[in-house]
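Novice: Just passing along the structure, written as structure tokens.
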Amino acid sequence: MKPRILFSYLLLILIAIACIYPALWTILSSFREGNSLFSDTIIPKKWTLDHYRDLFVERTDRAIPYATWYLNTLKVAVASMVLGTLIQLLTAYAFSRFRFKGRKSMLMIVLILGMFPGFLSLIAIFTILNTLNLLDSLWALILVYSAGAALGMFVAKGFFDTIPRSLEEAARIDGASHMKIFVSIILPLSRPIITYISLTTFAGAWVDFIFARAILRTPENWTLAVGLWNIIDAYNSTEFTLFAAGCVLVAIPITLLFMYTQRFLVDGLTAGASKG
Amino acid sequence: MKQNSVAAGWLSVLCAGLGQWYNKQYSKGLLFVLIHATGVYLISTTLLTKIKGLITLGDQGQHLEKVGKIFKNVPGDHSIFMMIYGVLSVIIVALYIVFYILNIRDAVAVGRKRDSGSAVKGLNNDIFPWALLALPIIGVLFFTIMPIVFTSLLAFTNYASPNHIPPKNLVDWVGFDTFHKLFNMNVWADTFTGVLTWTIIWAVLATVTCYFGGILVALLINQQGIKLKGFWRMLFIIPYAIPQFVSLLIMRNMLNEKFGPINQYFRYFGLEGLPWLNDPFWAKVSVIVVNMWIGIPVSMVLVMGILTTIPKDLYEAADVDGASAWMKFRNITMPYVLFATAPILITQFAGNINSFNVIFLLTSGNPATMKYNNAGQTDLLVTWLYKLTLDFNQYNIAATVAILLFLIIAVMSVLLYSRTRSFKEEDMIQ
């Protein structure tokens, strides 16, 4: 083997270790006995499933209602997925298929607003919700997540742009209405993009920390991101193995989803560059 | 022969919907008249007072009033309520005015069509895209545009704890005082320049390290002679697949000075270990390295995608001319990759300026310092803004910082927008 290739393999192995180590360490820690961060060996001396069981047992000496957090996160993620996907599809379809007055300027507005990270408006959203006493509700969070979904419509618009117009024209000649065309021609053809959008909005809501921490105030209403952050913040390293088990359970669904959506990944990432 | 358009236009000026009625679009006319009536009713009854409230922000705060013989605590004007309703009223009035102008233009346009004798399209055709867009527009209006307007307004008030928090006290307009404070008043100015400098250093370093790191890793895998390319790619994508907040919180533990495994390995080799998150310098190094761990996979996937699109015949032609591997890399691969990813670089830079998660979840902006007001050594403008809002209730300063950030990103968006080819060429595929 040439030295260049040998060196490359060495480098690849090093990078691979760096990539896997944190995940591996966390998984192994979650099976370790005791609760401290410190451990002599990376592989646990005694294996246990106690921490996973412990997560779902409510104890009075600490405020870690993990099951509630999980349920909250699930509710928020599913509701924002449904609402957000719907809004995004409607917007993308309208912009892709119709040439109405003011379309160009509205596209421009969407493009520019879409570049502003949502949390710049966080101050306003926080103060408004705070003043109106609407903080600390899951619905407020869902609304915040899904309301801005329209701004991320460019990937979907790019997809709709590639569906040939002739299909609709044929349908229109046969007397189909706009609604009928959308529901029975466009939607069935858009399965891949619908899957992509709903999975990304689901994952986005599942992992968001910024808005969740700003809006949700009491431990019973927290989502997983806020809850886990709080375990680290409040208990520091004294509940580490419990935290590790919690992390494993959060990461599993998202990592699986990710593996499934991997094939869309490049399209999604490059969409900004080539499709606009 | 222009009678129809002129008559319809003037009728619509007189009252929205009349022109449409005149043009024999009865349902449209009725709809417009109804909207017009609601608009006028709302404006005359409530909206004008609300807008006035936006200008005054209330005259009297919570105060004591003599009722009979005892003093009673009487609730006063709530400035922030007045501001929210004021902004909403302005938006509604603006929408109403836009509607009125469109109504006149529509009446004239339809009138012209009748004058020239061409067919008048039904209501259904024009309105369908707007029906689709209604829900999204309402969402964006209330959760994106209104907050932006509201934030910009907050920057010109004195809404901050401890002295100006309703309902106890009033909030007032103070013009550019907050900006003045941020730039010139010692404590605030030091914090602002310090945090801004670090934000820019961070954004540059984070972008450059992730971008070139991604290219290097992608090229490393793509070399001739490396087997199991798919396997390596899969492995290296793992950091991207794990939810960010999870991996960041884990990293925070790994870098723990006393108990974390990283320092444990250091000690194993007889070294002291480093204060990864507790020393200003090492904390900055840590966030950049951890950010590489998170960001490189993204660039890698991107570059690998681009590598597959380079036409093979370029390399074949180079082979015929006897080019070395290095020359092929230097003259074909690199220019191609750099050209294709240049727009991404701007996006990533803008993204890194606002890279909230890495900083907040890893260090919370710490280590703390006496020099800064409500900020730590690794705080970016965004995390500072977040803390100012949620923890310290300094809403006006936070809003001012947000506006400045907004301007920085606006410049970048325009840069990016002017480079987005497909926006101009979008109808080519059809």
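Cβ coordinates come from backbone N, Cα and C, glycine included.
Caution: TrEMBL annotation is automatic and unverified by curators.
Pasting the feature list from TrEMBL:
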TRANSMEM  B:29-48  transmembrane segment
TRANSMEM  B:80-104  transmembrane segment
TRANSMEM  B:130-156  transmembrane segment
TRANSMEM  B:195-219  transmembrane segment
DOMAIN    B:196-416  domain 'ABC transmembrane type-1'
TRANSMEM  B:231-251  transmembrane segment
TRANSMEM  B:281-307  transmembrane segment
TRANSMEM  B:336-362  transmembrane segment
TRANSMEM  B:395-418  transmembrane segment
Novice: Would you confirm whether the transmembrane segment (B:281-307) and the transmembrane segment (B:195-219) meet the contact rule of 3 or more C-beta pairs below 8 angstroms, pairs 6 or more apart in sequence?
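Specialist: Judged by the Cβ rule, the two regions touch, with the required three close pairs present.
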Novice: Examine the transmembrane segment (B:336-362) against the transmembrane segment (B:29-48) and state whether at least 3 Cβ pairs sit under 8 A, considering only residue pairs 6 or more apart.
Specialist: no
Novice: Most CB pairs under 8 Å with the transmembrane segment (B:29-48): which of B:80-104, B:130-156, B:395-418?
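Specialist: Result: B:80-104.
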Novice: Go through B:80-104, B:195-219, B:231-251, B:395-418 and flag the stretch with the largest number of C-beta pairs under 8 Å relative to the transmembrane segment (B:130-156).
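Specialist: Answer is B:395-418, with the largest number of Cβ pairs below 8 Å.
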Novice: Residues of the same chain, at least six outside the transmembrane segment (B:231-251), with any C-beta under 8 angstroms of its C-beta?
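Specialist: Same-chain contacts beyond the flanks: 217, 221, 290, 293-294, 296-298, 300-301, 304, 357-358, 361-362.
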Novice: Cβ under 8 Å to the transmembrane segment (B:80-104), counting only same-chain residues 6 or more beyond its ends: which ones?
Specialist: 9, 12-13, 16-17, 19-20, 32, 35-36, 39, 42-43, 46-48, 50-51, 53-58, 141, 145-146, 149-150, 153, 157, 159, 166, 171
